[in-house]
Amino acid sequence: EEEKPNFWNKQASAAIQASLKIQPRITQAKNLILFLGDGFGIPTITATRILKGQEQGKLGPETPLALDAFPYVALSKVHPCHAGHGARVMLGMGLRTLCRPSRGLTGGGMAGKAVGILTTTRVQHASPSGTYAHVVNRNWYADSSMPADALSQGCKDIAWQLVHNVDINVILGGGRKYMTPEGTADPEYPTHTSEKGVRKDGNNLINMWLKARTGSRYAWNRTDMLTAANDPSVKYLMGNKCPMGRDLAASRPAERMEAAITILNRNPNGFYLFVEDKIDHGHHDGAAHKALIEAVEFDRAIERAGHLTDEAQTLTVNYTSILYGNGPGYNSPIRSDVDENMAEMYGYLQQAAVPLESETHGGEDVAILAKGPMAHLFHGVQEQTY
């Protein structure tokens, strides 16, 4: 069919007619969903589109992603560090010593809205923690990660701030080992020493969070999460799917998206939901297959969010982040003879030009895609703080 000129004429005509119908929604959004696809730069978006199509038995490039339907597109300059871009994107400012701005989720809470974070890595990671924490080191996941002088001066770790800084309704991700006292056995991996709690202050932050909130529920597995989402009395949900932050793409991010929105929708004033997908974990490993599988799951989560919300009331922004060219895939100056079977292996490392232990972030502009109320303001080339 694609070989006939009429196919492309019809497609172009339909796209133009759809464009003519686009009108800015000049109204205040009730809800806001910010998707941050870490590692979801334009080359990765293209490759994800192809993989999604091939999974459906098609050639690939012609298969649309959910975000392809977003009518407004802009380019953003970037700050490649997670902690830096978290502050810039969510606070509208860069990092500054001795400066303590309000956190990203605080604004939603002050407006009477429900707030939530959903990530496929640990909830204490640099990007999601940018919505609620103040730290000078992104690796201060628990007090055991902090130097003695910081503790003596009253500095708090990221996990502690997650529970105390902002009243967050939905917390879904990994990182439960940073929430429990040192030596606490993990509920899923009770015999694994490396997965035990690491807090030296003796606090069980999960219990503290539950006691401070009426209508709260904790879930470390899928069954408990779905049960909580289906219980109308639940107003708060903390779901720590794994001890650290691994293999969360396999835990159905679209399904967790539905659970999050179901609970957040119980607030009649609306909600703000921050969603991060760590596509770049695969990129950093030099394993494109791993990264693209997660990117396809991310697209499914975006699509599911669209079905669960009203575009007339919900501003949805998909902010993509970067990435290749270096990394652990460099073996020798001689080009390897890679066949199709080898290239399609899940753990195959793409060839790299520069040998590094971990692939780095790039610095090129990235795409912002938006739909909903006031989405037309995303246009042109903007600073990351825009």
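Cβ coordinates are placed from backbone N, Cα and C, and glycine is handled just like the others.
TrEMBL annotations: computationally assigned, not manually curated.
Not measured: the values here are computed from a predicted model.
TrEMBL lists D38, D280, H284 as binding Zn(2+), and of H307, H361 the one it places in that same site is H361. All chains included, 23 other C-beta atoms sit within 10 angstroms of the C-beta of S127 (Mg(2+) binding site). Most buried of the binding-site residues H125, H284, H361, judged by other Cβ atoms within 10 Å, is H125. Among the binding-site residues listed (D38, H284, H361), D38 has its Cα nearest to the Cα of E276 (Mg(2+) binding site). Under the DSSP three-state reduction, H361 (Zn(2+) binding site) is assigned to coil, being neither helix nor strand. In this structure, the C-alpha atom of H361 (Zn(2+) binding site) lies 16 angstrom from that of H125 (Mg(2+) binding site). For D38 (Zn(2+) binding site) paired with S127 (Mg(2+) binding site), the C-alpha to C-alpha distance reads 9 Å.
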